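Here's the structure we're looking at; comments come further down.
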Amino acid sequence: AWYVPCLASLETLQELCRKENLTCKSIGITNRSLKSYEVEYLCDYKVEEGKAYYLVKWKGWPESSNTWEPRKHLNCPLLVQNFLRDKNEYLSRGREGKAMKVRNHVKTLKPAIADYIVKKAKQRIALQRWKEELNRKKNHRAMILVENTVDLEGPPLDFYYINEYKPAPGINVLNGITTGCECADCPAEKCCPKEAGFILAYNKRKKLKIQPGLPIYECNSYCRCGPDCPNRIVQKGTPYSLCIFRTNNGRGWGVKTLQKIKTNSFVMEYVGEVITSEEAERRGQLYDNQGNTYLFDLDYDSDEFTVDAARYGNVSHFVNHSCDPNLQVFNVFIDNLDLRLPRIALFSTRTIKAGEELTFDYQMKGSIDLSSDSAEGLSPSKKRIRTVCKCGSVCCRGYLN
């Protein structure tokens, strides 16, 4: 199904809920907010006759219903704290490299400051709703957090979270496998990897032990072994809490881990729409013009299919490129043994500290390298626009493609 982003503002939706006496948790309308006044955020500040007043946006009410309230009437210390932090953040921003002195004795705020505070409050609410949505849709236990301390950018408007491949019409990502291993304690002599002609990919500590380029065959839904089988890793989803955050060097959103990740550990799966290579070429021209890179070629056995994570994907959609990455790509086969349609798993190449950004090399996808002679024979329509790399690593190649 295709989705259309809602064009109505949050305030409009809240007002409609109030008029129709409807509750909607996703936009903050509860029975409590319908029956009483609840502070949503603070918009402005002034001092009159020695008393401090805040302009209050009430949850579920339009902005035309905002009222000035004395500080002593407000039982919302966190919202006051956010208001003061946003005000000080605006005032302390450098102008031509010179920081402005923060003054706490002002009687009124300049319109530009109040406007910034309102935008930050709306962004904070939008990011919180997005975080809740992501955590409702994910199918793993670890949490997903969202953070933007850099600019006023809110959630992407045309991105939909999915947990597994979304095949285009006519593409079957499940080939109807009907058999599995009979191991009572994997791995045994006829366990799934050995039946496929390969060794078990994991050691006793459930860490990867094979070299890049070799496939991973995990036990499937027809195998006799249970959920604690040591050969069931990727299918359980990411075990780490991750944070989608706004980068401060123009790379848009990125992903960082909130927990330490040991070497050769499974981190996340790369999912999106599965499309044909012909459709990928058409979309690739468009994405290059926009400066986006979301196409991942499934070229383990052939070049028939590509994963496009531009509109549909999981946390991996936001993982940035690096020429010196800490994640490595592996092809995985579980309930589908079609060599043209492997699942894509990202494993750590070294120990990753909590708070460190996660990255992988986009050129692992097998896309055309325009720095080589391979592009010379392409027609003008096939030649791809080169995207400048901003990874900042010592070994940076200069371009993403």
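Any Cβ shown, glycine's included, is placed from N, Cα and C.
According to TrEMBL, the feature domain 'Chromo' maps to 37-95. Per TrEMBL, the feature domain 'Pre-SET' maps to 179-237. Here TrEMBL flags Cys181, Cys192, Cys219, Cys223 as Zn(2+) 2 binding site. Here TrEMBL flags Cys181, Cys183, Cys186, Cys191 as Zn(2+) 1 binding site. Per TrEMBL, Zn(2+) 3 binding site is recorded for Cys186, Cys219, Cys225, Cys229. For 240-363, the entry in TrEMBL reads domain 'SET'. As annotated by TrEMBL, S-adenosyl-L-methionine binding site applies to Arg251, Gly252, Trp253, Asn320, His321, Tyr362, Lys390. As annotated by TrEMBL, Zn(2+) 4 binding site applies to Cys323, Cys389, Cys391, Cys396. Taken from TrEMBL, the feature domain 'Post-SET' covers 385-401.
In terms of Cα distance, none of the binding-site residues chosen from Cys181, Cys186, Cys192, Cys223, Gly252, Trp253 sits within 10 Å of Cys323 (Zn(2+) 4 binding site). Comparing C-alpha positions, His321 (S-adenosyl-L-methionine binding site) sits nearest to Cys391 among the binding-site residues Cys186, Cys219, Cys223, Cys229, Cys391. When the binding-site residues Cys389, Cys396 are compared by the number of other CB atoms within 10 angstroms of each CB, Cys396 has the fewest. The C-beta environment of Lys390 (S-adenosyl-L-methionine binding site), restricted to residues of the same chain at least 6 apart in sequence and closer than 8 Å, consists of Asn249, Gly250, Arg251. The largest share of C-beta pairs under 8 angstroms with the domain 'Post-SET' (385-401) comes from 240-363, of the ranges 37-95, 179-237, 240-363. Shown for the domain 'SET' (240-363): DSSP residue counts in helix, strand and coil, namely 20 helix, 49 strand, 55 coil. Summarising the S-adenosyl-L-methionine site geometry, the residues cited as binding it (Arg251, Gly252, Trp253, Asn320, His321, Tyr362, Lys390) extend over a maximum Cα to Cα distance of 16 Å. Cβ neighbour count for Asn320 (S-adenosyl-L-methionine binding site): 21 (other Cβ atoms within 10 Å of its Cβ, all protein chains included). Looking only at the binding-site residues Trp253, Tyr362, Cys389, the one with its C-alpha closest to Cys229 (Zn(2+) 3 binding site) is Tyr362. Residues belonging to the domain 'SET' (240-363) score a mean pLDDT of 94 in the model.
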